[in-house]
Amino acid sequence: CHVVICCGIKLLLVCLLPAGDATGYGPVFEEQPVDTIYPEESPEAKITMNCRARANPPATYNRDIDMDADDHYSFVGGNLVISNPVKNKHVGMYSCVATNDYGAIISREASVQFGYLDFFSSEERQSVRVKEGQGAVLLCAPPPHYPGMLSFRWMLNEFPIFIQLDKRRFVSQTTGNLYISKVDASDSGNYSCFVSSPSISKSVFSKFIPLKYPADLKVTFPDTTALVGQNITLECFALGNPIPVIRWRKLDGQLPSTHELGMSGAHLHLNNVQFEDAGTYQCEAMNSKGKDYHSARVSVEAYPEWVDHINSTEKAIDSDYTMSCVASGKPKPYVRWLKNGTVKEMKFTGLTFEDSGMYQCIAENHHGVIYANAELRVIACAPTFEHNPVKRVLGAKNSRVVIKCQPKAAPKPSFSWSKGTELLSNSTRMFIWEDGSLEILNVTLADEGRYTCFAKNDRGKANSTGSLSITEATKITLAPSNADVTVGESARMQCAASHDSSLDITFIWSLDGHVIDLHKDRQHYERTPNGSSNGELLIKNTQLKHAGRYSCTAQTPLDNVTASAQLVVRGPPGPPGGLRVTDITDKSVRLQWSCGADNHSPISKYTIQYRDSFSKDVWKDATTSPEVIEGNVETATVVDLFPWTEYEFRVIATNTLGTGDPSTPSAEVLTLEAVPVVAPSDISGGGGTSRELTITWTVGLATFHLSCSDGGGNAMNSANQKLLIQYKGTLKGDMLLFHISLIPQSQDKIKGI
């Protein structure tokens, strides 16, 4: 059923009523009915649908329900009470309509549904047999219920002993089924599915199921549609021996930053879902016997939301007016209109009193409905300055002045101005705007005086008089000067101004057009207190970021004036850019770069640093050709490198004021392999048999560097007289990756193995 509490409609002719009624307004909801789920076994035995509106005069709520035909209904104020509700009579949609002399508005629709959770069947459940090490599933099969949201747990042998969930045991919160990936002896017993309905605060449990025989099943998640802002859970669980590990990924991007894992990885929680979270999600179940995958799509839609909506307003009779409501949502919402509870188009040409009333725009898609309410008053009044007379205006000499004329009038009046007894007209210095304001350019002392605005429409006429006073213009008397400092020094920017003594003055400083927050950046900026007309700025411990154009603005309530100066800050060079590595050999590479900012002091030299795969945390100065890299050079060769070794390089610039920040490190490069350069020694022979000669020698002693990298682990060093082994990492899967370099003691390099 669909029930509406409503009443009749009256129209108000504003401005034609006594002045006291001007404070009235149409209904505005303070409380609206909400969707209600009534538990069938509720001891309260009643449903209350709340509705309250603020209005002047107070709103009324007519009894549009047939009280004689159904004595279950009663009203308390604007609230509807259903006593001893009956499912087949009172389930349905309900709306509340609030009305007063200004019009009527209708509330959102709210549903009444009956919640229930039946008992499980009394039939005995068949036992389940399973061998140790196999997987098993116990079906819950929850009883009929409403609403659909349930929570599931399983009991073992008796109440209230609930099984503990872990990597091996999982309860689907969608079906209620219990999954055991690998059964052991402790799992034998009798199991009961325990079902709870949070909406009606009721729980029931099934007959106990003996666990005895094997099964093979896997939980997967279906294609899912979520609303923006919702939390959703995807489920994935696999049977297997060894117990499978569950991993999640998003095939078309990264997992959302708000995701969480639960149930030992079987649950993927997506919290506060947004449109960008839509995509294809995949779970992977893996153990040493193999892998399995499942993918499904998550779509994201949205409840309607206002982008632009109507607001209460007054409009003059005979004027044109268009009401606008724009809503976002997915799917795109459909927007419809109501006037005093009835359908109405919302574009007006030549407003009349009959257009006054309460208007609503309603946006809806299949996810929900939203309402926006506004009152439109059509008025007809002679001009009046009672609440907004022409005011006294101050203007600075040679500035622009606007004297406003804003009477209440409907329809819109025509305007004229006078100064004293002189009627004013548009000229090169004076202009009467369409809204009635008077603009005067380049004002002088001769413009001082009393100004009167005349307003007239077909309902009458009125006038109001104000005055214009001229003050001295604000002038910069001491402007800031260009300055040149070194990083760490202080700089002073002078600024002083003259102004009319009757006005307050404020100094505002900006750097390259951005206002300086003296409180937020008080570590570097300070205003020196030298009197109200002095705005000197002290810049302490200057850094390169403080260089730029400083502007001092002296501002009064009437005018402002600005003067600027340039601050140059000299310091160490900026980092070089565009670093490239070319011409890679076994012992050398060539570097090219672009110079960075010299920060007003020429670059005198460059330093090249490197780090290798054996000392990732240490940067060392490289041997280069040329040995000293002059500041006008942007290429150099790094020599004396080890063969078959990974390196990164960076470049640092220096000038007379210091050394700057290093460049971004280069990509890792691998030097080429090389032949051995240390000859064997201690060659000797003899001791062979007939037709055989035995030769012995000593290999050139070398140091071995062994690094093992799998993305983790701690460094471990092992050494003896001839061998140094560096080990880093742990076993990764079934594979351990090694990189070995052979380094002769003579400092010559040979290829690693």
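Note: Cβ is positioned from N, Cα and C throughout, glycine not excepted.
For 27-113, 118-205, 214-299, 304-377, 383-469, 474-568, the entry in TrEMBL reads domain 'Ig-like'. Annotation source TrEMBL lists domain 'Fibronectin type-III' at 575-674. For 1-22, the entry in TrEMBL reads signal peptide.
In the domain 'Ig-like' (214-299), helix, strand and coil residues by DSSP number 6 helix, 42 strand, 38 coil.
Between the domain 'Ig-like' (474-568) and the stretches 118-205, 304-377, 575-674, Cβ pairs under 8 Å are most numerous for 575-674. Counted over residue pairs 6 or more apart, the CB atoms of the domain 'Ig-like' (383-469) and the domain 'Ig-like' (304-377) come under 8 Å in at least three pairs, which marks the two as touching.
Highlighted: of the candidate stretches 214-299, 304-377, 575-674, 304-377 has the greatest count of Cβ pairs under 8 Å to the domain 'Ig-like' (27-113).
In the predicted model, the domain 'Ig-like' (474-568) has a mean pLDDT of 92.
The domain 'Ig-like' (27-113): residue composition by secondary structure is 4 helix, 45 strand, 38 coil, according to DSSP. Broken down by DSSP into helix, strand and coil, the domain 'Ig-like' (383-469) contains 3 helix, 46 strand, 38 coil.
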